Amino acid sequence: MADESNTGPVAAAVAADAEVKVPTAKKLRSPRPQKAAAEPAQPKAPAAKPRRYSEQERNDKLKLIETQVSEGNTLKNAIQSAGISEQTYYHWKGAAKPVGKKDAKSTKPLPAGDEFADLVKLEEENQKLRKRLAEKLRTENAELRKRLGLD
């Protein structure tokens, strides 16, 4: 209890701290420089209409790109030298593929009846082979049990 009644030095320390802390005036900063006045935007030249290439021009550019690539240039450089974008190149390349290649598989008629009969035969053969394998495994298992004396 003696410690609670002895408040003299603590009160003196608090009073000393209060005297030391004197508020100081804020530092003044120089004003910000004015932003440069925005110049009015120059209207851009109207975008030119996209160039339309004829089929002959497209094929010529595709051949040019192919020859440059075969000479050792990269595909990207060859496309840039032709003056077209990569997307345009791939679009033209896809459109230039002969249609016969895409439909070659579908033009050959598939005999549905023959394939179904073959499928049925294969399924039957598969079942026979599975039964044979199961029988063989059972006999081997029985022999091993006899050898080990588990039966």
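Glycine is no exception: its Cβ is also placed from the backbone N, Cα and C atoms.
Sequence annotations record features per position, and here Swiss-Prot assigns compositional bias 'Low complexity' to 33-48.
For 52-61, the entry in Swiss-Prot reads compositional bias 'Basic and acidic residues'.
Per Swiss-Prot, the feature region 'Disordered' maps to 1-61.
Cβ atoms under 8 Å from those of the compositional bias 'Basic and acidic residues' (52-61) belong to residues 82-84, 92, 96 of the same chain, restricted to positions at least 6 beyond its ends. Shown for the compositional bias 'Basic and acidic residues' (52-61): DSSP residue counts in helix, strand and coil, namely 7 helix, 0 strand, 3 coil.
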